[in-house]
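*Asks:* Pasting the feature list from TrEMBL:
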- 18-37: transmembrane segment (TRANSMEM)
- 147-169: transmembrane segment (TRANSMEM)
- 181-202: transmembrane segment (TRANSMEM)
- 214-233: transmembrane segment (TRANSMEM)
- 239-261: transmembrane segment (TRANSMEM)
- 273-292: transmembrane segment (TRANSMEM)
- 304-325: transmembrane segment (TRANSMEM)
Amino acid sequence: TSVGGFIYATLQNELIELFGLEGCLLIIGALALNLMVCAGPMRPINLPGYYLKQRAALQRTEEPEAIYTKPTAIIIDSDLKTAPVSADNAATIKLLIIKEPIELQEHEVEQKGGIFSCSIVARAIKKIMRPYGQYLCETVELLQDRVFMAFCIAMFLFSLGAFPPVLFMEDVAQSEGLIDGIALIPLVSIVAMTTGIGKLILGVLADMRWVNSLYLYALTLIGTGTALLLIPVSKSYLGLQVLSAVVGFFSGNWSLTSYITTKIVGIERLSQAHGILMCFGGFGITLGPPVVGKKMHSYDLAFYFSGTCVFVSGLFLFLATLPCWNRMSEEENSPVEEDVNTSQQPTLDCDKVASVA
């Protein structure tokens, strides 16, 4: 994606000069249609049989066994009691004994109201809606997690402020008279190139044991916000290139989202949690350009707004994931005990950190 972004920005300018705006859009649209070709061979993964059996066995062990089962009422005619036990009578009794309560209930319902009765329709609707209700409950549980909710809010603020300035960087340079025409390597290309480098380096750092991935992500947000706030102050094209490189490098934190989400919620709930996270990011990307384009009457205000959003997102994520919140919740849940040595142990106070920030 970074290589494509680097080539695209330069290629677009050349296409506009050669074929005009309409020809450029036709060529770009033709390139985008190749996504359909790439998506054509994609099919659902056919899981092997041993995996399906293992998953089914795990589900059976997780489901609690019923403590009490309602016995089935068996009504035997008086003729069967008095008559000698024959082969037909034995078969009838056996059939009544092995019949499940659900089958008997369904048989009674069919006799009373037919197969299209209200109870059958209600049972079918309940069966269809059960997975959706379970998914909704799991989503609520995820949103109740403090760290994951802080991560979602940080993702929303980052998406709200980080993407619109990339579109305006070249316009800022031209409006300030820092460059004549279009540069050979636009600032957008610099952002795309350094984003690729940032993805690799930040990914390596996240794999190190002594690095906290959440704090690393918060640091990248704070760095991106600081760089965006400094862009209106820069009065040289070289300064804009350096700040664009910084924004691009820290924007490589997208490579950490799946890794951090897995550490928060676990691998089993990764797909659901990642979808919720991308939903927050999607709202930010959708609202960002209209807010910046309509409400901000100058480039400086746009960059100040975007930089503030991204900086606040990093600061909020850092404060929300401090370990002192876990200590405070444990103290509330556990009985109060006085310990003489606790005053000698170094602790991290949330109020002090928040006041300094």
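Please read every residue number as a count from 1 along the shown chain.
Cβ coordinates are placed from backbone N, Cα and C, and glycine is handled just like the others.
Please situate the listed features within the shown structure.
*Replies:* Residues 1-10, 13, 166-167, 169-170, 173, 216, 220, 237, 240-241, 244-256 of the same chain sit 6 or more residues outside the transmembrane segment (181-202) yet have a Cβ under 8 Å from a Cβ within it.
Distant neighbours of the transmembrane segment (239-261): 148, 151, 155, 162, 165-166, 169, 172-173, 178, 187, 190-203, 206, 213-214, 216-217, 220-221, 223-224, 227-228, 230-231, 270, 273-274, 277; these residues of the same chain sit at least 6 beyond its ends, with a Cβ under 8 Å from one of its Cβ atoms.
Beyond its flanks by at least six residues, the transmembrane segment (304-325) meets 146-147, 150-151, 153-158, 160-162, 164-165, 214-215, 217-232, 288, 291-292, 296, 347-350, 353-354, 357 of its own chain at Cβ-Cβ distances under 8 Å.
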*Asks:* If you count every Cβ pair below 8 Å, which range out of 18-37, 147-169, 214-233 shares the most with the transmembrane segment (273-292)?
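*Replies:* By Cβ pairs under 8 Å, 147-169 leads among 18-37, 147-169, 214-233.
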*Asks:* What residues elsewhere in the chain lie close to the transmembrane segment (147-169), defined as a C-beta under 8 angstroms and at least 6 residues from its ends?
*Replies:* 187-188, 191, 214, 217-218, 221, 224-225, 228, 231, 240, 244, 247, 251, 257, 260-261, 264-265, 273, 276-277, 280-285, 287-289, 291-293, 299, 302-303, 305-310, 312-314, 316-317, 320-321
